[in-house]
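Structure first, then comments.
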Amino acid sequence: MNIVILAAGMGKRMNSALPKVLHPVAGQPMLSHVLDTARTLSPSRLVVVVGHGAELVRKAVGADDVAFAEQAQQLGTGHAVMQALPLLDDSQPTLVLYGDVPLTSVDTLKGLVQAAGAERLGVLTVEMPDPTGYGRIVRDAAGNIVRIVEQKDASEDVRAIREINTGIIVCPTAHLRQWLATLRNDNSQGEYYLTDTIERAVNDGVEVVSAQPAALWETLGVNSKVQLAEIERIHQRNIAQRLLEAGVTLLDPARIDVRGELTCGRDVTIDVGCVFEGRVHLEDGVSVGAHCVVRNTTIGAGARIQPFCHFEDAKVGPDGRIGPYARLRPGTELGQDVHIGNFVEIKNSQIADHSKANHLAYVGDATVGQRVNIGAGTITCNYDGVNKHRTVLEDDVFIGSDTQLVAPVTVRRGATIGAGTTLTKEAPADKLTLSRAKQMTLDAWQRPVKQPKK
């Protein structure tokens, strides 16, 4: 099968410099959603017709399996498909999709392709309560489709029809090539309509059949930011529905955003306002508090994530206790039963089982052993202005509050670092190491007194 995706439109009503098909739904361009769906049909030729912002579109979705055709002037959908003809295989049917209609399901497209077979022209249609703005499906007395009439060219009788054309069609490519060559632009828009091929098919004795999607929202397109927001909510609602059906507890299904792939084990609970980006996996019994942002992260079984945490490219071990207001940056790997508390930032560090940094700390480029306690205000001073250096804290180390660990530095097994220490050399095992200025009391000192204003 050939698949052609039309993605040349400017999208004036979007009021944006970004090509319309690159506006995101669930964190990825609308066009990427359409391409992902198209790929599940295993097409032999996959062609994207670009126009406005062509280079941006090529850069965003270019891949080895995608060919591009350019529509320099946007002269209608029929004209757009004409640009793809040199790239198509006449021995196989062609399916036409739209880069700004991102939610059409694979099952719906398979149903349309199956209905059309190898010799018929298939049209995806829906009935709408208010069909204003859409091309109407005109049938004869026997119920056969005879033509599609666009809204601006329709009579009052035709405008009363509620069955509309979604624009998605499939037909034999050799016929399509012949029909497109005969299109005229003598209509109110001055464009070459792809829908006019239906009347050509009828005249040539090619049967025209229709199929319908499982839900109306599958065929909704995006022409404005309002419609983009509506599509986003529909998509997120569908994701939430699938999560609920899989056994995930969502404290408010209307307040979750998945911008990638979220997989969950059993008995997972997600509070309101959470955002999941990229590939995220939550193992059995995980609880995620309100308003967390989690990107490309695995969270181990039984972990409890408190509200307002941010994770990116991280791994949380089983039974972890994280947050609130904790940040795990790329390269963070936490072992079992690790506690990371409020206003703690971890970056490119490995922290082994049962270790804790409960509040107000920065741990960067560090290797932390088991049962380590990192006191409040501890900082790994990992950057010298040019290079990053590592800090090593071996098992059973205790770091007192307000300690600066100036990397590269190692604290040996069982060592204790006194509060307020600036550590610049290795601390030996099982000993107390500290550095601090001599404490003094000045008996003759007087606090300055602020003079009253005159």
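Note: Cβ is positioned from N, Cα and C throughout, glycine not excepted.
According to Swiss-Prot, the active site, proton acceptor annotation covers His359. Over all protein chains present, the Cβ of His359 (active site, proton acceptor) has 19 other Cβ atoms lying within 10 Å.
The UDP-N-acetyl-alpha-D-glucosamine binding site annotation in Swiss-Prot covers 6-9, Lys20, Gln71, 76-77, 98-100, Gly135, Glu150, Asn165, Asn223, Arg329, Lys347, Tyr362, Asn373, and the record cites sequence analysis as its basis. A sphere of 10 angstroms centred on the C-beta of Asp100 (Mg(2+) binding site) encloses 24 other C-beta atoms.
In the three-state DSSP scheme, Asn223 (Mg(2+) binding site) falls into the coil class. The Mg(2+) binding site feature in Swiss-Prot is assigned to Asp100, Asn223; the stated evidence is sequence analysis.
Residues or ranges marked as region 'Pyrophosphorylase' by Swiss-Prot on the basis of sequence analysis: 1-225.
If you look up Swiss-Prot, you'll see 226-246 marked as region 'Linker'. Mean model confidence for the region 'Linker' (226-246) is a pLDDT of 98.
Among the features that Swiss-Prot reports, region 'N-acetyltransferase' is placed at 247-454.
The least crowded of the binding-site residues Gly9, Gly76, Gly99, judged by other CB atoms within 10 A of its own CB, is Gly76. The binding-site residues examined here are Leu6, Glu150; by Cβ neighbour count within 10 Å, the least packed of them is Glu150. Counting only residues at least six positions away in the same chain, the Cβ atoms of Gly11, Arg13, Met14, Lys20, Asp100 sit under 8 Å from the Cβ of Asn223 (Mg(2+) binding site). A simple way to gauge crowding: the CB of Arg329 (UDP-N-acetyl-alpha-D-glucosamine binding site) has 16 other CB atoms within 10 angstroms, across all the protein chains here. Cβ environment of Asn373 (UDP-N-acetyl-alpha-D-glucosamine binding site): Ser355, Lys356, Val397, Phe398, Ile399 lie under 8 Å away, each six or more residues apart in the same chain.
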